[in-house]
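A short write-up of the structure that comes next.
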């Protein structure tokens, strides 16, 4: 794929009508920089993980956790307390070692190509807030999961699976209402033509829409997105302001006397407007609602839970194998959390790669089906132009090596989607 980025320096003939040479070159350089960053960050991650294993980093951190919890009055019999200390130290280590890579990605690569909208202060405040919120969720959930495994008897894997199922459903339910607003500002989409059209389209396919929000995604990035959430008869649609041509802060001229920068974010005025027109936004939403109407969301949940149940079952089979713990430096103890880490992260690694590929293939199939659903709503032409705009706004590179595309792209390549929509327009 890097060879494709390096050698494809001119717009291919089939792309001549949808992408100008300037945008093509910008997207090529952006993707080349991202590819380089991905290679080095991935290499570092592999080296770090290997060194941790070879140098006994996991048992060292576990023993350190035991010392810390011991000083707080919790002896070896309080395994769950020691596990929580271990988890806190491990996530803190991961956050610290990952910080330079995140800073470089945001303030060098994304900044260089015009996507970063954050100041350094906003970045660190956001990172600290994310870490605290993550711990507030991760530590209680983990402690309850370990307790269930401890007292669950021979069928603990069933109870553990049911517990994780309930937790995942609760998090999906509360995320957009209580967690996401901690990081971004959500405002109701103002009354007007767009909101009426969205409500009309939702009603036409029996989508139980209750609210439509606009999120200020432009506070941190100029990338665009849209999604829906909620269970049963309480569905909400969320639109990033960067998706909406009429609402994007990046399209607005700074007021007179303003330098376009505040204490948290910086708004860069672009030469060209970004975002989609109302008709194109409706087409994008038609695609997203197609995922709901065709049951893709439910199917993904079912697949995820079947996989989760299988993993817990295999964990129950393997957890008693002392040689697994000994291989990772645990000769005298068999902590449950360490067992979860060894089995889920290392033993299942080949299986997870195969599963990931299968889900990628399925995801591409779902994307084509959702596009076809938008076509049935009469949105083929608008979705066609929206995909081109979004590809330009996000500097997506439309040429890809077929093996790289097959393995990594959860969405079909742009040209394949456009060809399917073009056939529909001609019909």
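Each Cβ is built from the backbone N, Cα and C atoms, and glycine gets one as well.
Database features, via TrEMBL:
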DOMAIN    1-185  domain 'CAAX prenyl protease 1 N-terminal'
TRANSMEM  80-104  transmembrane segment
TRANSMEM  131-149  transmembrane segment
TRANSMEM  155-176  transmembrane segment
DOMAIN    188-423  domain 'Peptidase M48'
REGION    253-273  region 'Disordered'
BINDING   287, 291, 367  Zn(2+) binding site
ACT_SITE  288  active site
TRANSMEM  309-331  transmembrane segment
TRANSMEM  337-362  transmembrane segment
ACT_SITE  371  active site, proton donor
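The highest number of surrounding Cβ atoms within 10 Å, among the recorded positions 288, 367, 371, is found at 371. Over the domain 'CAAX prenyl protease 1 N-terminal' (1-185), the average per-residue pLDDT in this prediction is 92. Counting only same-chain residues 6+ beyond the ends of the transmembrane segment (131-149), those with a CB under 8 A from a CB of the stretch are 79-80, 83-84, 87-88, 91-92, 95, 156, 159-160, 163-164, 167, 171, 179, 182, 336-337. Excluding 287, 291, 367, which define the Zn(2+) site, the same chain contributes 288, 290, 296, 366, 369, 370, 371, 373, 374 within 8 Å (Cβ to the Cβ centroid), listed in sequence order. If you look at the transmembrane segment (155-176), the same-chain residues 6 or more away from its ends with a CB under 8 A from one of its CBs are 137, 141, 144-145, 148-149, 186, 229-231, 236, 238, 304-305, 308-309, 312-313, 315-316. Through the fold, the transmembrane segment (309-331) approaches residues 53, 56, 58-59, 62, 156-158, 160-161, 164, 338-340, 342-344, 347-348 of its own chain, all at least 6 residues removed from its boundaries and within a Cβ separation under 8 Å. Counting only residues at least six positions away in the same chain, the Cβ atoms of 370, 371, 373, 374, 379, 383 sit under 8 Å from the Cβ of residue 287 (Zn(2+) binding site).
Cβ neighbour count for residue 291 (Zn(2+) binding site) (all protein chains, 10 Å cutoff from its Cβ): 20.
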